[in-house]
Amino acid sequence: MCRPTDSDSGPALPSIPHQYWIIHGATYDLASYIKSHPGGDEAILLGRGRDCTELFEQYHVLNNKHLRVLERFRVTLPAAKVATNNLKEDMVSTISAFEGEEADAAAVVGIQQPAAPARVAHQSDPFYEDIKAMVRAHGNTKMSAPFVILHCLHVVGLIWSMKLWWQGAFISAFILPYFLWVLCAAMVHDGGHFAHSKRPLVNKLLTHTGALFTNSVGCWYLQHNILHHSYTNLVGKDGDLDSHHPYMRIHPEQSMLPANIHHAVRFFSHLIMYNFAHIGLTMISPLSYFRGVAAQKKGTADAKQAQDAQTVAQYHSTVMLQLVTVGAFYITPFLRFDFSRALLLTLLPTFMMSVAFMVIAQVSHIQMDAEAPSADLEKLHWARRMALTSVDYSQESTLWAYLTIGLNMQSLHHIVPGVSYSQLPRLYPAYRAICEKHGIKLLERRNLAHAFWTHLQTLWVLSKTHSFVEVARKLA
């Protein structure tokens, strides 16, 4: 599923997703609260059918009212109900002994990857409490007025570049991807994190509009908001890590296949694939969703496919619309112009958007000092884990925040994704001080070039070695 985590290990799993929200180990039925949710329906629906503890914490930083509201919807489920609602028939006998007893969250989640530390009611951590206090003191968490004006100008630029592209102008192949990145990708990323505005409808409209030519909203929510932001750099859980494997090995815990290929070939093949990431976001991810739906109908879907299909199905119509717009982008030039010009108008924007995404977005996480054994990372409070699995650079530069849509400060962004990237440069000095106070060593680079260089070094080492022990020996 777009993008699925590994689901071929462990015991048999439920094939029918449940409809509950699992937070801090407790089960909640928030169905009746969806329409009343202040953050909008899309935000709350991301957590349905899964353990959404990290999501719940990440988007509720301004006060603690959410904890009181949440308790109104706590439910106690008998294990028998969990079995009939959630598990395959061949699993019912495994929990029948508990019939009549309260089902724990692990049984309800079922398909969720095993959590390392036990979930407890509201995990408080001094580091995260200081982060929340910092955000509250800052005040405005949504897009700043200068960036709103800038993006209005970008709309004009996007329309102009699309007009040139429609006319077949050579220059449009360079200008269009620029506006797709600084405007559309920014709208999808910030809007998808509900960070543009306090009004859910504004976030929704901007996200879905920007996604028409950049990615599929439903698949993006699944891979990015849920799998990546909740499980950053955890192998088998982080959708970004697993979406590249086995074609690209980007973590020491991942296997290296095929073993008979020279490491230099693996390394350069990896870089070549960077040019096609945009196709994965716009076409392959949605198609994998439809494969999951088809597998469900045939009864062959495993639990992970079923869970992910349920999440993306909430945005089925937008997935269809986005496939139509992307299809039109790739087909129209070949109907209007000669083959070479059509190839230029389609492939060059694809390459530029792909490189922008892979270099700017992935360079922060695929770094040796940002990767550690998943079992060790899972022992940390999730906020500390976010700070230790991202590399930052040019953090106090508004220009670089603009050019990278805030992805130059991913450690802070991952802790408070609901804060607009336009606010991050002003927050970063206080964030750095908080990290120093709590003994968290930030992973910093001088600039993007420096970060990209250490990223390449990481890929080179990973192309030759297998384990953390071997990697450490190489770097010693």
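Even glycines carry a Cβ here, placed using N, Cα and C.
Listed ranges 85-89, 250-254, 295-299, 410-414; the one Swiss-Prot annotates as motif 'Histidine box-3' is 410-414. Within its own chain, the transmembrane segment (168-188) is flanked in space by residues 151, 154-155, 157-158, 160-162, 196, 206-207, 209-215, 217, 220, 333, 336-337, 341, 344-345, 348-349, 352-353, 356-357, 402-403, 405, 421, which lie at least six positions past its ends and keep a Cβ under 8 Å from the stretch.
Within its own chain, H37 (heme binding site) has L30, A43, I44 as residues 6 or more apart in sequence whose C-beta sits under 8 angstroms from its own.
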